[in-house]
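Here's what TrEMBL has on this protein:
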| type | residues | note |
| --- | --- | --- |
| DOMAIN | 66-96 | domain '4Fe-4S ferredoxin-type' |
| DOMAIN | 144-173 | domain '4Fe-4S ferredoxin-type' |
| TRANSMEM | 266-289 | transmembrane segment |
| TRANSMEM | 295-316 | transmembrane segment |
| TRANSMEM | 337-359 | transmembrane segment |
| TRANSMEM | 365-387 | transmembrane segment |
| TRANSMEM | 399-420 | transmembrane segment |
| TRANSMEM | 426-443 | transmembrane segment |
| TRANSMEM | 464-484 | transmembrane segment |
| TRANSMEM | 490-512 | transmembrane segment |
Amino acid sequence: MAIVQQKPDELSGHGFDLVEMLLAEQRDLSAVERFSQRHEQHAGPLLEPTYRELIPLTEPGPGEQYAFEVDLDACSGCKACVVACHNMNGLEESETWRRVGMLQSSVATQPAVQHVTTACHHCVEPGCLLGCPVQAYEKDPVLGIVVHLDDQCIGCKYCTLMCPYDVPKFSDTKGIVRKCDMCRNRLAEGEAPACVQSCPNGAIKITIVDQSEVTTQSDEGQFLRGAANPRTTQPTTRYIGKNRLNAEMQSAGTQELTVNHAHMPLVALLTLTQAGLGMLIASVVTCLLTDTGMVTAVLATLITLAGAAAAGAHLGRPMYGFRVFLGLRTSWLSREAVLMPAFVGPLVGYAASFFVPMIEPFQVPLGLAAIGGGLVTIFCSAMIYIVTRRPFWKESITFGKFGTTIVLATFAAANLEAAVSTGSTSLVIAFMLVAITAVRLGLEFQFLKSSTHDLSNPLARSARLILGPLAPISWGRIALWSLGGIVLPLSVLATGGTAAIALTGLSLAAVIGAELLDHVLYFAAESTPAMPNLPK
């Protein structure tokens, strides 16, 4: 007969201790209670033992500052630092303050790949700070961290041009620029920045560097293969590893050609103000010689005002544009903005003098004052881009392009004024316009022809962009130059009356159109490498 062993009846209490069960439940804390207790009992950050050796224990001394140190041999390119930075700072979906690029061997028989993580270099001489027209950047006097002041920013994006490493990022939704601040709030609490704490290989750390040593190394060009020239801003990030300066390593993006942002409001501002100045010069000279010049004076005023108005479209927060004078001491953009009224004001007065008898006696002085103000303003416009030290924006190219716009507009407008005033054009003016256009075309073809196939050369990259992805724009400007500066000026010599006025007007419009396209290329074809695998 089978013997059946009966289990204790839980409901009857046999073999069951209710008090013991309740005490056991009290001893077994929930996940929330365990988390709370752990933080109450631990005085410092929980991961402090892991990252304590990756951040300094003291503040920098005089002449020193905090800097990133990246061990390239330890970086695996996993992008944990990118994700941590993105999440910790609450960045937008397409916004990144830290990126991972790549160096690769240029020798086919010795293949090698080197990952490079990069963020803001907190430079000794930060271009973003020096160029900002509203002082929206400051460099911590103790820590050396370059901080962006979001509430001060007007969204002019000039810092994105001044920074050779493509660090500041413009937010379309916020209308401002933002960048890495080395998680300074975390450092103040003794915690590591997000990128440092998240790296599984400990490839990123915060260290203290001597600023004079950084300056010396930058002057000698010691930084990182595939990166922009360190002499410009003196970046403080220390890259260590056997391939840091290996001549055989190059950016994995060296052979890539990327069209840059065209900045259309700036294209309109530069082209129209320069053309307006040229037309003003034609009007004033005509006024002095023949006591005419009304047509070109009015056109110069309208075009210049349109160009000045276009500048506002470039600002992310135009309602705060009045702050632009704050950076007058260091920023050429501030100087351009402050001096613009010295050009536009007398220009409007000069145009009005043709219609208001009361100010007619001041016509020539107003015109000369406007020319002086315009020349100084456009000089500042040129310096805005020259000081970025990008090869495609160097002095000879920038002054050449801006000056050509003024000169071509001067002679094209003088041709129009002559046709309006006398019904015919001047042979001298027409041939001067043709000659200057021919020289401009010759210089352009020479630049494109002299470009090499070495895409590590920024000028070669720009030339390849002009002949490649930007070819339709390039050929369009050449066609308009040929039409407005050669074909129409020669054709108008055989006509007169209304036909001459129409042809000279078309000539001026074609010249301005060509210069607009040329200024588009000035921005879109700028292709100086920023960091490895991150071409500009």
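Quick reminder: no glycine exception, Cβ is built from N, Cα and C everywhere.
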Overall pLDDT of the domain '4Fe-4S ferredoxin-type' (66-96), taken as the mean: 93
Residues of the domain '4Fe-4S ferredoxin-type' (66-96) by DSSP state, where helix covers H, G and I: 9 helix, 6 strand, 16 coil
Closest-packing stretch to the transmembrane segment (337-359), where packing means Cβ pairs under 8 Å, from 295-316, 399-420, 490-512: 295-316
Recorded stretches the transmembrane segment (490-512) and the transmembrane segment (399-420) touching, at least 3 CB pairs under 8 Å: yes
Helix, strand and coil residues within the domain '4Fe-4S ferredoxin-type' (144-173) as assigned by DSSP: 8 helix, 6 strand, 16 coil
